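**Student:** Found this in Swiss-Prot, in case it helps:
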type	residues	note
BINDING	Cys3, Cys6, Cys18, Cys25	[2Fe-2S] cluster binding site
BINDING	His249, Glu273, Cys317, Cys405, Cys433, Cys458, Glu492, Lys494	hybrid [4Fe-2O-2S] cluster binding site
MOD_RES	Cys405	cysteine persulfide
Amino acid sequence: MFCVQCEQTIRTPAGNGCSYAQGMCGKTAETSDLQDLLIAALQGLSAWAVKAREYGIINHDVDSFAPRAFFSTLTNVNFDSPRIVGYAREAIALREALKAQCLAVDANARVDNPMANLQLVSDDLGELQRQAAEFTPNKDKAAIGENILGLRLLCLYGLKGAAAYMEHAHVLGQYDNDIYAQYHKIMAWLGTWPADMNALLECSMEIGQMNFKVMSILDAGETGKYGHPTPTQVNVKATAGKCILISGHDLKDLYNLLEQTEGTGVNVYTHGEMLPAHGYPELRKFKHLVGNYGSGWQNQQVEFARFPGPIVMTSNCIIDPTVGAYDDRIWTRSIVGWPGVRHLDGEDFSAVIAQAQQMAGFPYSEIPHLITVGFGRQTLLGAADTLIDLVSREKLRHIFLLGGCDGARGERHYFTDFATSVPDDCLILTLACGKYRFNKLEFGDIEGLPRLVDAGQCNDAYSAIILAVTLAEKLGCGVNDLPLSLVLSWFEQKAIVILLTLLSLGVKNIVTGPTAPGFLTPDLLAVLNEKFGLRSITTVEEDMKQLLSA
């Protein structure tokens, strides 16, 4: 096992990365190794997808499957070894079908890629794990060095984050052939074990630029189906009655669940990154979408244990449900998996609803505590002139984009302290689950404009980018000249690709934490600092002083 993709990876003087019987996320060495094997199979599939496009062959089954299966290897998504192998088998079957299509056009069709003809050696998980050793990401570290390995992983993990957003968009009916062609090209190239530093750096920026387009179609999918988010108050306390909790990012799953629970007497609560769903008109119209439950994903083993109903996980993040003994009432959907947990293959939630009706639910309603969400792209752009006016009248000094992933590391209290230290004449724009560090606190307003503005999920960084570009255009300056600072927390691969997106768009002087990614060496961090001004957090006082004086 070698895995260094998330923020909680093991760090030692000898090197970074989880390489024992189990990773810090709870992923076993077996599952981790089989995910490496799956990635190799997907790289071979992409190699043939690139070749097929040369012949004008575009196989939509391949295009939809590839990023979805890649998404299953993202942190805290799928811990179920047999399902990972199932994805690998499906990848090979699709590859062979695509290969046959190519050969039907050109009998001499060939692909020069080491993954292009990969076959699984056995049905036995142990033998497959041994085969997977050929594809361990750091297998040639001694030959290429830590810097090249780090850049490879930056590209691989960034592309994995983009693949997750591609799947979220595809679920909502969004498909862009150019994006998929670019995805396959990059995925196939990474399967050749590239070792050119400049080419890898260029690739990382290409992934960021591609992901901006992915976020654009995801935004179109969400707003096209569910309307543009508008500011909405959400109760974060319990309402009496039977209940279901839904977590993850998949708004379509939430919509289907709301439709199927309507009139059943079962209330629905959002968790984690589902919180922004309350801002969408076509979702909040369901009166039994009663509120948001819990805090950051890392607290779920305590909070889920206390929730008196079933739980549905639609995407990341799931962690071991046996710890809180709620594994008999947590359900996985789509690419999510945990051994022994019931999985919903389709969009029928009747079994979950039946379980909710058999459980006690919340016995009484607590005193409501309301927070505000729903500052989507349209709302943010509508406020652009107000922001400019407040800045011109010196009522608004600075905007801090304070968001990203949450996690368990104690140093993450930095983000709570930072939020509460932001001066009263400054505004906080937040997104993603890092907001749970401070989103239930009171921040007041500036002439009626809330000082805490929740823009949505991690992918809604797109809205923040569009706002920044709009403000810069209206003020006749560059984005980096705005009174705007980005202080971002990271945990997994979606955060990595958001960072690459920002860097590829030329955004500079981003501050990140709580730690630097374990796969980035001091040399690589120095390069990123020199090129983009990217740096790690220090202390709240020092960072605040520096950002306000910039």
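Our numbering is plain: 1 for the first residue shown, then up by one each step along the chain.
Every residue, even glycine, has its Cβ placed from backbone N, Cα and C.
Worth saying up front: this structure is predicted, and the values here are computed from it rather than measured.
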**Student:** Using a 10 Å radius around its CB, how many other CB atoms surround His249 (hybrid [4Fe-2O-2S] cluster binding site)?
**Tutor:** 25
**Student:** So which of the binding-site residues is most packed in, judged by how many other Cβ atoms lie within 10 Å of its Cβ, out of Glu273, Glu492?
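**Tutor:** Compared across Glu273, Glu492, the most Cβ atoms within 10 Å surround Glu273.
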**Student:** Let's check the environment of Cys458 (hybrid [4Fe-2O-2S] cluster binding site): how many other CB atoms sit within 10 Å of its CB?
**Tutor:** 25
**Student:** Across all chains shown, how many C-beta atoms besides its own are within 10 angstroms of the C-beta of Lys494 (hybrid [4Fe-2O-2S] cluster binding site)?
**Tutor:** 33
**Student:** Based on Cα coordinates, which of the following binding-site residues are within 10 Å of Cys6 ([2Fe-2S] cluster binding site): His249, Glu273, Cys317, Cys433, Glu492?
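**Tutor:** Among His249, Glu273, Cys317, Cys433, Glu492, the ones whose Cα sits within 10 Å of that of Cys6 ([2Fe-2S] cluster binding site) are Glu492.
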**Student:** What does DSSP call Cys458 (hybrid [4Fe-2O-2S] cluster binding site) in the simple three-state scheme?
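**Tutor:** In the DSSP reduction, Cys458 (hybrid [4Fe-2O-2S] cluster binding site) maps to helix.
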**Student:** If I take the alpha carbons of Cys317 (hybrid [4Fe-2O-2S] cluster binding site) and Cys3 ([2Fe-2S] cluster binding site), what is the distance between them in whole Å?
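**Tutor:** With the alpha carbons as reference points, the distance is 17 Å.
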**Student:** Determine, using Cα-Cα distances only, which of these binding-site residues is closest to Cys25 ([2Fe-2S] cluster binding site): Glu273, Cys405, Cys433, Glu492.
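**Tutor:** Closest by Cα distance to Cys25 ([2Fe-2S] cluster binding site) among the binding-site residues Glu273, Cys405, Cys433, Glu492: Glu492.
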